[in-house]
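Engineer: Found this in TrEMBL, in case it helps:
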- 424-451: coiled coil (COILED)
- 56-66: compositional bias 'Basic residues' (COMPBIAS)
- 37-70: region 'Disordered' (REGION)
- 93-125: repeat 'WD' (REPEAT)
- 191-225: repeat 'WD' (REPEAT)
- 282-314: repeat 'WD' (REPEAT)
- 1-30: signal peptide (SIGNAL)
């Protein structure tokens, strides 16, 4: 057998050895460079412990985990509070990331209900509004989410409109020994009747009927058992809004036509339903009406139209004698001519709030002038706007928070009214009472930094 020549074998060995040395040197230089940059040996954590084998998988999970949207920040001297759940509550309920679509104050003034697209309804205590923390109770909506919510008159239940189910669901509120509530959905939802998207729901303060209105021309009047009592065709091409009056006598709607139509829902002396009849109309706008609202006593109504105006009406009329509502005031609101807007009327009808996009404008109905403006209140378009039953606060929602404002224009209206009454008062006891109310309103404005000189 012939062996290979020695010089060739040695040359091959030297070549392989040189390549191995070069590779080792390159790796060593990389380690040294990494140690210089981090200040610790490669493969060792900052605490000196061996590297965590699960570090890679944790980083992968962090990349996959969806980032939570940033909460919109807003500040103003008249901002009383922002209702948001605390960080502790977020951990307990796996966070509350849904945008709030609707809210409703209870008739006893104790609670505010909000619904969001995270399948929850929250009940907030109004006595906590000016506290540092705001407590809330949560009701879950199974396999759906609510887009509208309304309290029952006795505050022992609330109804919601289901986004996917397209129907009403009733939740009963049962008080626990610890002061909290248990929320239980009734076994069956209302039957599906509407053929178009819903624009509003409501419960009469008398507890006699429920109203639902859709975006076609349909309004349905239901009894509390889920049976349809009457169907109203508004003949307005489409409905943009509908509501029940606080006195529970009327149902009104607005839409494509330049008027607001009002019907009376009639019941017999024994409480049995009889009929729905046309009552009166608010005529005076020259374009479609976006929204309207009633005062707390139903004697005033306000409307806002695409014609760029808002109007205040006296609706305390004998419509059965063909008496029409009186136009009390017209104001300019140019933003309404370019985009939809919402409206809220204070309980005493002294202040009108208009929301367009993410901004809110407050007007004095006595003088027709804009008194306050809040811009970029929410991170998204405002979805609901409402005064509380006392008129002290104006609430708005549009993202993941409810923002509450002090009603400074309401206090100013009291000042103007009391000053006028004092000039005409002849009785000393009356003057003292008026002076006391005047002083209270002035002190409230002073504390808010809103007292006009």
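Cβ coordinates are placed from backbone N, Cα and C, and glycine is handled just like the others.
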Engineer: What are the DSSP helix/strand/coil residue counts across the repeat 'WD' (93-125)?
Structural biologist: 0 helix, 18 strand, 15 coil
Engineer: Any residues 6+ beyond the ends of the repeat 'WD' (93-125) with a Cβ under 8 Å from its own?
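Structural biologist: Residues 68-69, 83, 85, 134-142, 144-151, 153, 155, 158, 160, 163, 171, 173, 181, 183, 205, 380, 383-384, 386, 388-390, 395, 397-402 contact the repeat 'WD' (93-125) from elsewhere in the chain.
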Engineer: Residue list, the repeat 'WD' (191-225) vs rest of chain: Cβ under 8 Å, 6 or more residues beyond ends.
Structural biologist: 107, 147-148, 150-154, 159, 161, 165-168, 231-244, 246-248, 251, 253, 255, 265, 267, 271, 273, 276
Engineer: Is the repeat 'WD' (282-314) packed against any residues at least 6 beyond its ends, judged by a Cβ distance under 8 Å, and which are they?
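Structural biologist: Counting only partners 6 or more residues beyond its ends, the repeat 'WD' (282-314) has Cβ contacts under 8 Å with 240-241, 243, 245-247, 249-250, 252, 254-260, 262, 324-337, 340-349, 352, 354, 363, 365, 389.
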Engineer: Summarise the repeat 'WD' (282-314) as counts of helix, strand and coil residues per DSSP.
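Structural biologist: Across the repeat 'WD' (282-314), DSSP assigns the residues as follows: 0 helix, 20 strand, 13 coil.
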